[in-house]
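According to Swiss-Prot, the features are:
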type	residues	note
BINDING	H68, H224, E290	Fe(2+) binding site
BINDING	H68, R72, H224, V391	2-oxoadipate binding site
SITE	R72	site 'Important for substrate specificity'
Amino acid sequence: MANSITADEIREQFSQAMSAMYQQEVPQYGTLLELVADVNLAVLENNPQLHEKMVNADELARLNVERHGAIRVGTAQELATLRRMFAIMGMYPVSYYDLSQAGVPVHSTAFRPIDDASLARNPFRVFTSLLRLELIENEILRQKAAEILRQRDIFTPRCRQLLEEYEQQGGFNETQAQEFVQEALETFRWHQSATVDEETYRALHNEHRLIADVVCFPGCHINHLTPRTLDIDRVQSMMPECGIEPKILIEGPPRREVPILLRQTSFKALEETVLFAGQKQGTHTARFGEIEQRGVALTPKGRQLYDDLLRNAGTGQDNLTHQMHLQETFRTFPDSEFLMRQQGLAWFRYRLTPSGEAHRQAIHPGDDPQPLIERGWVVAQPITYEDFLPVSAAGIFQSNLGNETQTRSHGNASREAFEQALGCPVLDEFQLYQEAEERSKRRCGLL
């Protein structure tokens, strides 16, 4: 359609609007943004080499706008409608996460951009969990939860109308896009009034706190919004100075010269006043703040090594002990870009330097990039990990549901049921990273 707005522009508008809304709802989130911005600035000022690398890799511009949100929905219909909503913003479901292995009765995916240009512009992602009613053991309670969920609609009538219009027209003009952002935002807004009485809330809460959070409110309120930092250890140590109490452990890999995957921490969930049906006042605890530090994406071989080491490491009682033990355990994981490339542990994006451009005819498909890197013709840039770690996600969920101890089991994965609810298969993160690396090699003449 003429004068249509791009998905990237809509995603940018939406992520900015959501950030502004969450800042109003959870003032500590604003404090967190300031702290992260200060730490990032200090890191870049003290490390000109990192600054230059991030500029060259198109990573710097996205740093200050980078966020991920997390939501939880109750029905297949809600999940499928969210898929249509996020598609308008150029966000697609990547990976399947089974959180039942940590005793959390949900399974999840991450809606995010998938092409290089969209990620460089604004890599906004939303970790989206679907409640698994079949994991509620009490049959009466399970039926009650299903009945409550059947009666709600988390989307405004106008939002549903706009979804139809977009799918019929194949796009939005500027006015429609702005209206869509405002209507979509309502789905994620916090509602103080619960849809159930206190007795029902307590019964669901006693079964699992997360079930009460999903079932008892009129929307799928955003339960955290996460900025990206370049030094999560520094942020963790400074949070108490800003009046923010961090969770005990930083989740994920240890601090390294070459960061890998994802490290996360958070502040404790807020106790918020709610009104139950019948105007009875009570409290609900679900929403919190989170910070993340992202590193290089790992190949299946690298991920296997990471998972094995993390399993062997276990968890410490406090963050200092935990991090020291992690560092000791992870000594066997190479900590240089060269070794990680050489051993096929991580994904990289290859670019020709001006000198490489001048010698393009001397570069052939199948050439080993390493001699070309040493000659100064090619640079290899780590591809940022854009996804999530199930164990870390579960750790964050548990600590903010009042439980710092991490219980892990084999879980009860049901990817097929999740994809059926979603209405499409989830994308394979490894395939996306491999394609990104191969695209870059092709541009250099290496493939």
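Cβ atoms here come from the backbone N, Cα and C positions, even for glycine.
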* Local Cβ density at H224 (Fe(2+) binding site) - other Cβ atoms counted within 10 Å -> 23
* E290 (Fe(2+) binding site) - helix vs strand vs coil (DSSP) -> strand
* Structure fact -> Around the Cβ of E290 (Fe(2+) binding site), other Cβ atoms within 10 Å, all chains included, total 22
* Give the helix, strand or coil assignment DSSP yields for H224 (Fe(2+) binding site). => strand
